[in-house]
Amino acid sequence: MTGTLLFFGGLVAFALWWLSRQGLAAKPWLESGVPGDAPAGDTTISAAKIGLAIFMAVVSTLLVLLLSAYSMRMEMADWSPPPRPGLLWANTAVLVLASIALHHAVHAAKRGRRDAVASSLLVGGTAGLFFVLGQLLAWRELASAGYLPANNPADAFFYLITALHGLHLLGGLVALGRTGTTLRRAPLARLQLSLELCASYWHFLMAAWIVLFVALAFAPPLDWLVALCTAPLR
Amino acid sequence: MIVALIFVLVAVGSVVFHLLSPWWWTPIASNWTYIDATITMTFWITGGVFVAVVLFLAYCVFRFRAVPGGRATYEPENKRLEVWLTVATALGVAAMLAPGLFVWSRYISVPAHATEIEVVGQQWRWSYRLPGPDGRLGAVETRLIGPDNPLGLVPGDAAGQDDIIIEAEDLHLPIGRPVKVLLRSIDVLHDFYVPEFRAKMDMVPGSVTYFWFTPTRTGTFDVLCAELCGSGHSMMRSRVMVQTAADYQAWLEGQRSFAQLANRK
Amino acid sequence: MSELAHGADGPIPAAEVPEMELPHPHGWWTTYVFSQDAKVIGIQYSLTALAIGMVALVLSWLMRLQLGFPGTFSFIDPQAYYQFITMHGMIMVVYLLTALFLGGFGNYLIPLMLGARDMVFPFVNMLSYWIYLLAVLVLVASFFVPGGPTGAGWTLYPPQAILTGTPGRDWGIVLMLVSLCLFIAGFTMGGLNYVVTVLQARTRGMTLMRMPLTIWGILTATVMALLAFPALFVGAVMLLLDRVLGTSFFMPTLVEMGQQLRYGGGSPILFQHLFWFFGHPEVYIVALPAFGIVSDLISTHARRNIFGYRMMVWAIVVIGALSFVVWAHHMYVSGMHPWFGFFFATTTLIIAIPTAIKVYNWLLTLWHGNIHLNVPMLFALGFIVTFVNGGLTGLFLGNVVVDVPLSDTMFVVAHFHMVMGVAPVMVIFGGMYHWYPKVTGRMLDSAMGKVHFWVTFLGAYAIFFPMHYLGLLGVPRRYYEIGETSFVPASAHDLNAFISVVALVVGAAQMLFLFNLIWSLWHGKDAGPNPWRATTLEWQTPETPPGHGNWGRELPVVYRWAYDYAVPGVEQDFVPQNQPLPPRAQVAKGDATP
């Protein structure tokens with residue numbers, strides 16, 4: 001649970017930092033009138049972006065909890081992780097490519113280059129699709145080598161974590177597809193927001209995958225971290 | 001008026017119920033009188049707070065009920081009052097927490113000379129294992145459990161040969177000797193619960209949990225399961241007999257060890 | 001702070017907020033069924049939650065019949081009994097309380113109280129309700145599958161939950177887990193809406209510190225729920241895989257009824273950590289909206305500003321943050337490392353301090369108030385009594401060593417029913433009597449309301465207060481019958497019978513409430529826009545009930561906090577939040593030294 005607690009510590013610290021800037025020490029009964037001219041709600045960032053940020057925080061919580069469960073189980077004596085298919089390296093590269101392509105799409109839209117947006121989206125979507133296919137192939141490789149979910153918890157964790165990440169990625173593909181279909185009709189300025197949202201989500205999926213990949217394939221020993229956090233208890 | 005009176009009655013009624021209640025904890029039969037003392041003290045503190053809060057509520061309802069032309073007092077906050085209340089609450093909480101943590105540290109430190117015994121739970125019965133003359137319990141593995149090895153002792157382990165196996169019978173304990181109870185389950189969660197001992201702990205399949213106590217009173221006590229374990233949960237019963245050292249020895253001599261049981265078959 | 005007072009001399013024109021592109025309904029279906037109006041969605045959530053809550057109420061009757069009169073009702077066998085307690089618990093905690101407070105009250109009140117036209121993502125909001133409904137239907141379906149619903153207890157602890165010794169092992173547990181996953185997905189959609197709406201769609205002048213405490217409670221609870229539900233989701237998915245695919249996340253090597261199973265290597269404690277990492281915040285996910293709503297009820301009906309508003313806000317935030325580091329107090333006797341006991345007992349008792357501050361401030365709001373003892377106020381008072389009672393018994397159970405003899409006894413059942421059953425339900429009723437006039441334009445009948453309150457409050461207290469003493473005696477919870485024991489006297493059985501009879505009466509009183517809800521739709525007194533003379537924005541809408549978009553042409557502008565009752569120097573005893581005059585600068589104030 002160390003990882004979870006650190007992650008939550010981060011979230012709480014951010015929330016408190018944000019709240020501390022909202023004048024929580026104000027005495028509202030002494031104030032009347034309208035503060036400033038701007039509406040109270042912070043409208044400089046669009047609602048959709050904040051919504052996406054919160055959604056990504058929720059998904060991160062999910063993945064961090066999974067990783068904590070994984071690391072708690074890993075500490076037990078009989079832990080025997082499955083081999084790591086070499087394909088995962090290729091998949092990682094493909095996902096990075098998708099992320100770069102979407103980043104490029106956002107910039108192309110800013111400069112008003114519709115063709116570049118279209119081609120970047122196409123590259124990004126295809127790369128995403130290939131990532132999913134690659135993951136499925138990696139599953140098949142493991143399964144045919146006899147590493148099935150019911151065999152042992154380490155194998156089961158591998159399938160579960162990759163599956164949950166994959167499902168979120170499929171959701172990202174759907175969003176990307178919807179943006180792609182509106183590309184022909186809508187003016188670029190209106191597409192800008194959807195493109196930025198898609199790009200952020202895909203960067204997030206890529207970052208999440210890299211963390212998961214490192215945890216699954218290399219199982220870095222976190223003993224020093226645990227020791228640090230439990231030191232006061234000893 | 002009537003409303004305030006009813007709230008007063010709720011507070012007074014609760015106290016009267018507490019004082020007159022025939023339902024109170026069972027006479028203790030272990031060394032954990034500290035636990036009872038902590039509960040009693042917690043009752044005093046929380047009971048005082050509860051009565052004070054409800055009576056104050058009733059007073060407010062009576063004294064500040066709406067009357068024609070009435071008007072509330074405008075007072076957004078009162079820092080001094082709030083600080084005092086916070087400090088008083090913190091002190092009350094600390095007064096309950098400190099003894100609680102102190103007793104907990106005793107609860108989890110087992111005396112070095114405690115006798116280890118094992119309780120095994122399964123749907124829906126209890127089995128026990130005593131260490132035998134060598135004073136050590138032999139190794140076990142859930143994989144080895146079968147009709148002729150119901151507790152899964154490792155046959156090659158010398159320490160386990162003299163272990164005394166008690167199946168479908170009462171557990172006997174000598175009075176005044178601290179016991180470390182090792183808890184093991186072979187299927188689902190159970191919880192070895194004897195109300196008179198106060199102490200209890202869940203049994204978790206796949207690991208061994210423990211608690212310790214010293215029986216202080218002879219007698220026969222009910223063993224119940226305190227963690228939902230399926231449809232037979234409430235029927236999962238056994239008994240513990242706490243006996244004098246002499247009686248216990250006499251009973252012990254009639255019991256059979258793992259090796260004896262294995263030879264019989 | 002005084003810089004805010006500029007421009008307070010006259011009304012300020014409404015901000016040039018462009019009218020939101022609201023998905024206006026085109027006919028009956030999109031008005032009442034597939035509506036994207038948060039108010040309609042809130043009502044849909046509330047009605048669905050009440051309907052499934054009735055099922056849970058009937059289940060509680062059945063289990064009380066068995067406990068009070070064991071052996072009398074032959075159709076209640078142990079399997080059925082454990083199915084009843086499981087479904088009762090899960091429905092009440094998740095599908096009733098969580099859904100009603102956040103989905104019901106949250107949807108209805110957030111846009112109205114903040115001066116918004118609607119939630120920021122109306123379509124996602126609608127989807128959230130329909131997924132919730134689907135989750136409820138999947139849950140209900142488990143009553144009709146072979147083997148019936150799961151009887152694993154609402155905590156669903158493995159290995160028991162998926163082994164054959166537990167009823168509903170075939171289909172019931174699968175449907176339960178699927179339903180929970182759906183609920184979480186649906187809730188996440190709604191929760192994103194609530195948070196972003198509070199952050200983004202507040203009207204001009206509505207600073208965070210001017211928000212009514214109801215919104216603070218709902219906002220904090222939603223943030224907590226968004227972060228806590230993933231733990232349940234992870235646990236549910238893993239348990240589902242253990243059940244369906246035969247993985248061993250939570251399943252160690254087992255011998256079930258003499259048979260070696262294929263499982264091996266899993267950790268049952270891991271599930272408990274995941275479950276309670278969700279489960280404890282869940283208590284506060286239910287409690288915080290109740291805290292917020294009851295603050296507003298007390299302030300409005302005592303005609304007095306809420307006492308210590310800032311402390312109340314800080315306490316909500318602190319409780320919300322602390323509630324993530326107390327989960328293992330549900331696991332003191334689970335066999336986890338005993339050192340954790342020190343940490344979790346300390347954090348658990350610390351959380352009592354901000355909670356106590358809230359109680360004091362409610363009492364101090366009543367003090368020197370002008371208390372109108374109408375039905376919402378009565379329920380608020382009932383909440384204080386039951387919540388304080390249940391909160392104080394929490395100090396027993398949170399104090400690790402005291403928990404040892406009391407855990408898994410009826411004491412625990414009495415404690416959590418008092419603190420997160422009866423107390424929040426009191427607030428739900430109080431809130432419904434309070435806001436029904438806004439939702440329908442008519443008042444709920446107050447004579448029926450008073451009968452409903454006294455039977456519910458005194459009855460519930462008579463059920464759960466004596467139940468603590470059964471727990472002290474040592475009667476374990478989740479027992480189909482106590483059976484033969486040497487320590488339970490015959491009088492305890494009489495007490496059980498008494499509790500059961502009262503439970504039947506209290507349940508019947510809820511039928512009166514449902515009748516009142518329907519009867520008052522046609523026969524209730526006309527309410528007018530602001531029957532309680534309240535300050536918050538939802539009472540200042542141009543229409544009652546408010547139309548789609550809430551505010552007509554112009555959004556309201558907020559000039560003051562939500563608690564200007566009995567302001568000195570103002571004749572009227574309340575000043576609505578959107579009323580600019582009288583300028584506050586002219587009002588004499590004792591502590592006005594900015």
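Here the Cβ of each residue, glycine as well, is placed from N, Cα and C on the backbone.
On a predicted model such as this, the values are computed, not experimentally measured, just so you know.
Annotation comment: TrEMBL describes C:29-559 as domain 'Cytochrome oxidase subunit I profile'.
Below 8 angstroms of C-beta separation, residues 73, 76, 80-81, 84-85, 87-88, 91-92, 95-96, 99-100, 103-105, 107-108, 129, 132-133, 136, 139-140, 499-500, 503-504, 507, 510, 514 of the same chain, each at least six residues beyond the ends of the transmembrane segment (C:45-64), sit close to that stretch. Here TrEMBL flags C:45-64 (among others) as transmembrane segment.
Residues or ranges marked as transmembrane segment in TrEMBL: C:84-110 (among others).
Using a Cβ-Cβ cut-off under 8 Å and counting only residues 6 or more beyond its ends in the same chain, the transmembrane segment (C:122-145) has close neighbours at 22-23, 34-38, 41, 44-45, 48, 52, 55, 87, 90-91, 95, 99, 103, 107, 168, 170-172, 175-176, 178-180, 182-183, 185-187, 189-190, 192-193. Look at TrEMBL and you will find C:122-145 (among others) tagged as transmembrane segment.
Taken from TrEMBL, the feature transmembrane segment covers C:173-196 (among others).
According to TrEMBL, the feature transmembrane segment maps to C:216-241 (among others).
If you look up TrEMBL, you'll see C:283-299 (among others) marked as transmembrane segment.
The annotation transmembrane segment is assigned in TrEMBL to C:311-333 (among others). A Cβ distance under 8 Å defines the sequence-distant neighbours of the transmembrane segment (C:311-333), meaning residues of its chain 6+ beyond its ends; these are 209, 213, 216-217, 220-221, 223-224, 227-228, 269, 272-273, 276-277, 279-281, 283-284, 288, 291-292, 295, 340-341, 343-345, 347-348, 350-351, 354-355, 357-358, 361, 397-398, 400, 403-404, 407-408.
Feature annotation from TrEMBL assigns transmembrane segment to C:339-363 (among others).
As annotated by TrEMBL, transmembrane segment applies to C:375-398 (among others).
Positions annotated as transmembrane segment by TrEMBL: C:410-433 (among others).
The transmembrane segment annotation in TrEMBL covers C:453-475 (among others).
Under the heading transmembrane segment, TrEMBL lists C:495-519 (among others).
Here the transmembrane segment (C:453-475) does not touch the transmembrane segment (C:84-110). Their Cβ atoms form fewer than 3 pairs under 8 Å, with each pair 6 or more residues apart.
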